[in-house]
Amino acid sequence: MNNEIGDNDENGLEYTLDEALAEVGFGKFQVLVLFYAGLGSMAEAMEVMILSFIGPSVKSEWGLSSGQESLITTVVFAGMLIGAYSWGIISDNYGRRMGLLSVAAVTSIFALLSAFAPNYISLVVCRMVAGIGLGGGPVYSAWFLEFVPMQNRGIWMVVFSTFWTIGTLLEAALAWIVMPRLGWRWLLALSSVPCFTAFLFYFLTIESPRYLCMNGRINEAYNVLKKMAEINQTKLPSGLLVSDKVTEMNDEMTRSEETQLLSTGRDKNAISKPGFSSLLVLFSPSLVKTTLLLWMIYYGNSFSYYGVVLMTSEFSSGEIKCNSAILNSRILKDSSLYIDVFVTSFAELPGLILSAFLVDKVGRKISMLLMYLFGFMFLLPLMFHHYKIWTTALLFGARMFINGNFTVAGVYCPEIYPTSVRTTGVGLASAVGRIAGMICPLVAVDLMSGCHQMAAIILFEVVIILSAISVLFLPFETKGRELTDTVAVNK
């Protein structure tokens, strides 16, 4: 297969994909990609947020036990755990577009079928399969990332993260309007609209040029880049697009894990096979340290994020009553629940703005450390009881910084993994975060409802400290670095 292509080879010039993306710039084409990927992220957020509203209504209508009600939430996270890894394998093996199609189809179909579930068992099955579809969130982020020039990556990945927050706000507003009037089935049906929209507009998507280059499909990658340049009204560099050009390492890089991770050339020792071998690549000597550290970071971010959300529900419902349920059907009928969720979700907006400001100014690692520090400080006073206004302010600040940290980690993780295992690596890290989402209610909420507020806060603080230590040991800063395609390994 021809390994290079271009319009003009008179001077023997060559250019890499990153150089081509820099010339094409961030323009109308990337905005269209952003809106499609953002639509997928927004749909995922709405389907996750819906769990806060339908459980108590279903419990009341069908006479379920508390365990059966909890299972409706648990199976969604279990499905996301399966999907996060599965869609990564499909996307790395068969292309980003195949991953996008699979995720959109599974999510939209089973999200809608949930609204027509005739009994409890069918609802649980539909929600679990929908959860498998929802696990494909990393496919959207990796796909978008691979179209963005290096100099714009940080801030535009933060912009992409805002679609999640938009989804949470839309779901809270939709539940506020729909639940008291039409019930949980209509909420499920209407919440599936963004999923179906992503499915219907799939035909407009285009394969990632980085994925094409990594698989030696240089002609196709060149055609994608040419189309991008036409839409952005720019031009590609003169010369030949090459896939095997080895870029110079920065002077400060040593021949350690950093050098292996940043190897962009292909050689006989390069690991580039996608598929089920991706898991072995993630645990190869080149990546095992990074993989385990990112798992701890994603676990800590998810555990603290969902913990703060759940604590907000605890505090907003008034005084904590020991050994009593957090929510019941009477609360659901009170619009204050929807108002509280809607208002506290706005805490994520300043966190996103702060992330956008810091991520390309001070770098990803320092940004995460700062977010952990301030999140820790806002949570610490909550070991003791305060007036409601102070409690609300502290929770608002904690959620702002924890969500900001979530956002920066979402930029760093796909940047540090090579193209050959990018969606698998991000998917597995997200899956570990889903495990935290499953464990957090069982541990943290039990502590809160058992009047052990101090113990719950200490638990969150310990998790934050461990996550911050993990950031310190990450191999290198990705700010200003080109994305890599393969992993070089030592024999």
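Glycine is no exception: its Cβ is also placed from the backbone N, Cα and C atoms.
Residues or ranges marked as transmembrane segment by TrEMBL: 31-51 (among others).
Confidence annotation: the domain 'Major facilitator superfamily (MFS) profile' (33-479) carries a mean pLDDT of 77 in the model. Per TrEMBL, the feature domain 'Major facilitator superfamily (MFS) profile' maps to 33-479.
Marked as transmembrane segment by TrEMBL: 71-91 (among others).
Residues annotated as transmembrane segment in TrEMBL: 98-116 (among others). Residues of the same chain lying 6 or more positions beyond the ends of the transmembrane segment (98-116) and with a Cβ under 8 Å from any Cβ of it are 40, 43-44, 47, 83, 87-88, 90-91, 123, 126-127, 129-130, 132-134, 136, 139-140, 143, 185-186, 188-189, 191-192, 195-196, 198-199, 202, 205, 423.
Summarising the annotation, TrEMBL assigns transmembrane segment to 122-143 (among others). Taking Cβ pairs closer than 8 Å, the transmembrane segment (122-143) reaches residues 33, 37-38, 40-41, 44, 47-48, 58, 71-72, 75-88, 91, 96, 99-100, 102-108, 110-111, 113-114, 157, 160, 195, 205, 208, 410, 414, 422-423, 426-427, 429-431, 434 in its own chain, all 6 or more past its ends.
Feature annotation from TrEMBL assigns transmembrane segment to 155-178 (among others).
Annotated transmembrane segment per TrEMBL: 184-204 (among others), in sequence order.
What TrEMBL lists as transmembrane segment is 276-298 (among others).
Marked as transmembrane segment by TrEMBL: 337-359 (among others).
Residues of the same chain lying 6 or more positions beyond the ends of the transmembrane segment (366-384) and with a Cβ under 8 Å from any Cβ of it are 297, 304, 308, 311, 354-355, 358-359, 390-391, 394-395, 397-398, 401-402, 404-405, 408-409, 412, 453-454, 457-458, 460-461, 464-465, 467-468, 471-472. Annotation comment: TrEMBL describes 366-384 (among others) as transmembrane segment.
Sequence-remote contacts of a segment are chain residues at least 6 beyond its ends whose Cβ falls under 8 Å from one of its Cβ atoms, and for the transmembrane segment (390-413) they are 141, 153-154, 157-158, 161, 165, 294, 297-298, 301-302, 304-305, 308-309, 311-312, 315-316, 344, 347-348, 350-352, 354-355, 358-359, 364-365, 367-368, 371-372, 374-375, 378-379, 381-382, 425-426, 429, 474, 478. TrEMBL lists 390-413 (among others) with the feature transmembrane segment.
What TrEMBL records for 425-448 (among others) is transmembrane segment.
The feature transmembrane segment is assigned by TrEMBL to 454-474 (among others). Residues 289-290, 293-294, 296-297, 299-301, 303-304, 307-308, 311, 365, 368-369, 372-373, 375-376, 379-380, 382-384, 412, 416, 443-444, 447-448 of the same chain sit 6 or more residues outside the transmembrane segment (454-474) yet have a Cβ under 8 Å from a Cβ within it.
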Feature contact check the transmembrane segment (71-91) with the transmembrane segment (184-204), CB under 8 Å, 3 or more pairs: no
Positions whose Cβ lies under 8 angstroms from the transmembrane segment (155-178), at least six residues beyond its ends: 26, 30, 34, 37-39, 41-46, 49-50, 52-53, 141, 144-145, 148, 186-187, 190-191, 194, 335, 338-339, 341-342, 345-346, 348-349, 352, 355-356, 359-360, 403, 406-408, 410-411
